[in-house]
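A.B. asks: I'd like to ask you about the structure that follows.
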């Protein structure tokens, strides 16, 4: 019989059907090739939004800069970046009036954090622009290179290990007449391969010293490298994102720490919380507006969209905000916080790799690096690119473009949220002084606006006033892309609200399945995802049970570990059948060893090894949990591991899962091809750095919280700690006299070697 699909929904409240509208199957689009074009778009657009501003020239770098602040008031609905300083300051003052003490308290909290933060805070984060090599590197390597070069140029405040002292070095480095750096270069030679007798290109990497004069150094210190944002769904065009260098990062971190403290205290802010906490916070605002709208009042909600949020924000405005927020604070603190916006007012955008040309007829390819765009003949380019290059040329210096206005993506999310909330805050009746009033939610550039008024005209007037107020601080609400509805139905940061936030389970679909780390981690992650969705996303018991069965099936196909008694033939089945036959307690075999699945929705929180431990044969236990098993290169095992899960929409989320170490927790070996490239030295540095840090963490297990202070080097700290620990262990009888003597001898040897060095 045919089933009429609409019957399925008869008993379902409409909001629960949202999961059936899931549009994102398949892989998201990734970018290939160069991001130069996208970066030029960003630079040109940003200048266009501020074109009526004043042009000046930076005296140090010679870069032309456009300042739109206090520019003309808008006369049309086009997006613009002409924020008015006095309006921003007034919005801040009203925000403080509504939340007495909010700035003062946040400053005190931040001051404490500033004095305690260690420089290794900057090792967090992925790709970072490394100014010494003029390209991207992992954050830890970029920091190590920066510190190494600072020290060789006589900047040593950073040796205390405090971030604030490293920032002192950054400030001093900008005053130096020149900086000497070590940079890598490649030599390419064509040689004949002995084995294949073909000609191959051999690369060797060399290091050379180079002197940067003040101007060149400043340009590098103020540079943001750009890349193309990957995996963005629902867009036809890619866009550029920026990664700043180590000089900027520390200052940005402190500004964002202050802004985060403020956001935490603002009920309209969707940052820095997430998940259920965020939903609860936001539901409160909606509830307030709905209860306060008396029976006679109308209440409407705008699902808002801002045009080019980042490109219309201005670092000079952020400087004004910080100056106001910190106005009663000590001078040193105000200075530290004002440096980030000042650097951003003078920032340079690196144009990336440049363009690749190829001639089909002659089978030739050639790269035109960004540095050449300033003076290359434009006849080689198509019309569109020609226009871009012509427009950007006056701004170019050494392959970077001067970009004073605009903020680049994702740099000051917290601080720009504070600005947005300050406008929402002005919607209180005591400020609007009329019959309409508004409130709302703000999370970086995303907002929802709730307007209450006695009639439709009032609602319209309220929206208009909000729109115009935003314009005064450089926020451009897009009338085309914003959508108004009766309060009770709206969307905010991919949360859909209909009489409460609706669980949109389909958004989590991409994270179901086998991750492909190893058999042990994949099993654990798979069941944890299902468990988390039962807790957070209304995944019901029947659906969860089905998801679990599908996951186990998927897992068995991925690792070819069908049950020992199944008829499916794979290249592992011979071994698994043998194991199955010689195992007494078959229920104890892990799924990855051809065992049965004992998971159901009640025991998803228990790691599989623990679930089956009592059921295992003794010799199987011994093989499974054997740290000396020669076939497994083991990770250090923590009780909890972290993985990244990708929802369909929005940022990748970090997720914890239980990690029980078994011989299935293998790590694939690193691909060899990297070892033959210029990256090799960097890889070795990074591994050495990693090893040292791991060793250090072993000696000071809580070292992520309290590091030893005032001891001159890591090695000495570890040696002295080893001696203390050994003495305690010896006196309490945990180690024998011989072992104690051996430890002491090793410690002395290490110290001796250090002295000789």
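Glycine is treated like the rest: Cβ placed from N, Cα and C.
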A.B. asks: Between 21-51, 52-82, which stretch does Swiss-Prot give the note region 'Disordered'?
C.D. replies: 52-82
A.B. asks: Name the residue range among 147-160, 161-174, 203-216 that Swiss-Prot annotates as motif 'Nuclear localization signal'.
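C.D. replies: Per Swiss-Prot, the stretch marked motif 'Nuclear localization signal' is 203-216.
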A.B. asks: For the motif 'Nuclear localization signal' (203-216), could you work out the same-chain residues 6 or more beyond its ends whose Cβ comes under 8 Å from its Cβ atoms?
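C.D. replies: Same-chain contacts beyond the ends: 60-62, 176-189, 398, 677-678, 680-681.
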A.B. asks: Just give the helix, strand and coil counts over the motif 'Nuclear localization signal' (187-195), going by DSSP.
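C.D. replies: Tallying H, G and I as helix, E and B as strand, the rest coil: 0 helix, 6 strand, 3 coil.
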A.B. asks: Just to be sure I understand, if DSSP states are collapsed into helix, strand and coil, how many residues of the region 'Disordered' (52-82) fall in each?
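C.D. replies: Helix (H, G, I), strand (E, B), coil: 0 helix, 8 strand, 23 coil.
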